[in-house]
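Here's what TrEMBL has on this protein:
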{"type": "SIGNAL", "residues": "1-35", "note": "signal peptide"}
{"type": "SITE", "residues": "Arg109", "note": "site 'Transition state stabilizer'"}
{"type": "ACT_SITE", "residues": "Glu242", "note": "active site, proton donor/acceptor"}
{"type": "DOMAIN", "residues": "304-462", "note": "domain 'L,D-TPase catalytic'"}
Amino acid sequence: MPSSTLFSLRSRSLLARTWLRLALCLSIVAPGMAAAETRPENMVYLRTIDPGIEQDIRYASAHNFTGHPLDGYDAGECLLSRDAAKALARVQTALRAQGYGLKVFDCYRPSRAVADMGRFALVPGDPRKAEFYPRVDKQDFWRLGYVARVSGHSKGSTVDLTLTGPDALPADTWTPSAGQVDCTAAYGQRWRDGALDMGTGFDCFDERAHTDNPTISAAARDNRQKLSRAMEKEGFTGYSKEWWHFTYNGEGSPKNVMDFPITPLGTRDVLDTANQLIVVTTKNWTDIQGTAQRYERQGNTFRKYESPFPVVVGKSGLAWGKGLGSVEQREGPIKREGDGKAPAGVFKLGTAFGYDSTADTRLPYLALTPTIECVDDSHSARYNELVNGATVSKDWNSSERMRRDDDMYRKGIFIKHNTPASPAWGSCIFFHIWRGPTSPTLGCTAMDQADISRLFHWLDPRQSPLLVQMPEAEYEQIRESWNLPER
């Protein structure tokens, strides 16, 4: 073996042993780490400052370079120091005036998540190498400057983000069965994140992701410069090796490394960030018919948007589902898999889907193929997930084919019930087209095709739309305390 090769192997071995010791230490304490495990008052949810900034928190899902959700990411939410969040909102306002906007991929990162990254570098396997680091050995992440042993993200004023705009390709919907394309591939070929062409995808460990890399296209270079100028104007500093990475340097920025987990925003707080609401009410728990009303925020209140329209719900009515907020202490039935009840509660709305290849909607859109199915077997690791049955190893005994012979799923919208999935809480809940005004569903909320087409056109993910669905009496009980509109 050449001496240079032997030296390289010894260096990597030493680096691995050093990182292992550091990772073990980080799991206990990091330099300057705040001892408290609770969220400090100056750390805020970005949604409460500017709900119009889009979020795709990658480390809360498996769509990142490790291939798994990182420790400490119990919710896909962006938290920042209050001053950094307000500064980012000013960037968004300035960009909006020019027709652009922001989309964040990561914000505050618990120190335990940094340790998780370190452990990943020491274990065999590269589940997402082909997409995120096709030309880099993962043991070299730190030497090359792509991952820090103590991350600035853990101090609460660093954000990873991108630029959106009118020329951006629509965002794809990621599932664990999604194929991997090199993050440096051409704009239309690599993963579509809903952003403009920035030269590479997010978390692309490659020289083309270096901010001033000369080999990217003129359009991508212009987009990077546009983003950098907007961020720098409000006190953010970029990082030369990652075009998406910025740190706020204003006075009062946190200095300590923190390790509190990222948890879901409270129900009332989420409602306060929503600018679009769909309120569905039924007469009682067992009624199969209901009424839907759309609302738009006007200051601190909501105003009705157009006329109400009829819907049908589950064949057994409604039951409290798993959405935003706990339901175990509420009076009334609790939803379970196969009970024929539609979920009651407050829910985020997800991807639109349908039979057509494209759709007139600002929501992310999934064109259904004959092999796409929704897994409703609660024993499966894919429970309550959309999968491509032609490419995913099957571990389920029950699922629903999404490309049907009828028109029920010609247009639909995912309701984020039981996300992330808990066994037996219910699965595969959507808005979709009804069979008729007296034909209930197996647990979804259905409506006339004209009404769902109007939802496609109206809903805007930048307005943080929510569904509030429950019987009339329960709605009236919580309406004032949650600042909900009159029906």
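Cβ atoms here come from the backbone N, Cα and C positions, even for glycine.
Just so you know, TrEMBL annotations are computer predictions that nobody has curated.
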Distance, Glu242 (active site, proton donor/acceptor) to Arg109 (site 'Transition state stabilizer') (CA atoms, angstrom): 17
Same-chain residues at least 6 apart in sequence whose Cβ lies under 8 Å from the residue listed as 'active site, proton donor/acceptor': Tyr146, Asp160, Ala209, His210, Thr211
Arg109 (site 'Transition state stabilizer'), number of other Cβ atoms within 10 Å: 28
Assigned conformation of Glu242 (active site, proton donor/acceptor) - DSSP reduced to three states: strand
